[in-house]
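Visitor: Dropping a structure here in structure tokens format, bear with me for questions.
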């Protein structure tokens with residue numbers, strides 16, 4: 001992803017900053033700026049663009065979003081990504097907000113085959129700005145501006161030089177002085193026209209040499225101008241212009257020589273005109289000499305232009321070869337992406353089929369379990385009904401057979417009289433204070449016998465009754481023991 005941009009964002013210098021530290025790397029950290037939403041993906045409209053070198057489709061176009069909640073805490077949301085977002089080894093549900101804490105581990109995508117870790121793994125951290133800034137990854141908009149700046153070329157104009165020969169010497173000084181020149185490459189003009197020492201535009205370092213050639217050739221109606229223009233457009237379209245550096249340097253030197261020759265030719269034309277005005281009647285020999293020198297300069301200029309045209313054609317062929325090479329690379333990459341996409345679709349279809357089979361198997365198992373549960377419920381209901389019936393029968397027996405006729409309670413310390421009737425020990429004792437006869441058959445009471453069988457049977461039956469019956473029996477036993485002791 002490259003080094004971060006040289007400019008420090010406004011308001012970020014100093015202090016501590018939250019960021020996503022790339023695991024195992026001291027570069028490509030993602031800054032979390034306060035009050036700003038941070039988007040991550042491989043698309044163009046995100047804050048940080050992640051393009052996987054191993055599997056380009058691993059990161060979705062808009063993979064996830066990080067932003068602060070009203071309390072100022074950072075949160076993360078999986079934006080329906082294909083391969084998911086993992087927080088502390090657990091996959092996040094799409095479109096759900098999860099809080100981030102210092103030290104949390106974030107994983108984008110899944111590890112490939114024979115890989116233990118994913119390509120993009122980060123750790124949430126808060127560190128000083130001085131230690132964070134050198135490791136930051138550039139934002140997507142900074143990369144776009146940088147690439148645009150590399151493609152943008154400052155142009156300079158040679159329109160002032162196109163009509164020098166036609167307009168004559170009167171405008172030569174002003175038009176040459178208007179052309180900007182790079183320091184160290186100025187051309188001194190010496191002559192009688194008063195333009196000595198004026199700098200001439202040579203080759204501005206940020207200008208495009210092909211544009212200079214196009215304008216220079218246009219001034220002389222050179223037949224190679226359309227090819228130069230076409231070469232300029234192809235050079236702008238090429239994503240990686242890799243023409244030989246030596247050819248470009250030679251191109252610049254040749255352009256400088258052409259401009260020098262053109263300037264010398266302009267000076268000779270001005271000198272010839274001045275001499276013709278001053279010596280209308282004589283000095284023909286000097287005029288012819290100057291005209292001969294002018295013709296020599298014109299011939300030399302034509303030769304230089306022909307050489308320059310040959311170099312331009314060579315550069316054009318080189319750029320065409322580079323363009324064909326780039327087109328071949330793009331086709332190969334496109335085919336690789338198609339193959340990876342087809343493979344991913346096949347794997348997805350196989351996974352869906354396996355899930356469908358598993359779903360059917362689970363449905364069959366669930367139906368069998370449901371039927372078994374229904375049978376169990378029916379058996380349980382039958383057992384409950386039988387238990388209730390038994391309890392009801394026991395209650396009837398207790399109420400009818402095992403109750404004392406005097407206190408209407410279950411026997412407590414049951415005793416059996418000589419007439420075979422049974423009563424509570426306390427109740428029959430209180431009864432005998434008034435009458436010494438059986439309350440049921442009215443026979444005289446001659447003996448009392450404790451019935452341990454009745455006591456044990458009643459105690460076991462009471463254990464299966466309600467808690468209220470148990471508590472009432474315990475209270476009665478305590479009260480009767482207290483009365484007996486008193």
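Each Cβ is built from the backbone N, Cα and C atoms, and glycine gets one as well.
What TrEMBL records for this protein is below:
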- 280-393: coiled coil (COILED)
- 38-92: domain 'FHA' (DOMAIN)
- 404-442: domain 'RING-type' (DOMAIN)
- 68-72: region 'Required for interaction with PIWIL1' (REGION)
- 212-245: region 'Disordered' (REGION)
Visitor: Looking only at the domain 'FHA' (38-92), how are its residues distributed among DSSP helix, strand and coil?
Guide: 0 helix, 21 strand, 34 coil
Visitor: Counting each residue once, how many in the domain 'RING-type' (404-442) are helix, strand and coil under DSSP?
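Guide: Result for the domain 'RING-type' (404-442), in helix, strand, coil order: 8 helix, 9 strand, 22 coil.
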Visitor: If you average pLDDT over the region 'Required for interaction with PIWIL1' (68-72), what do you get?
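Guide: PLDDT averaged over the stretch: 92.
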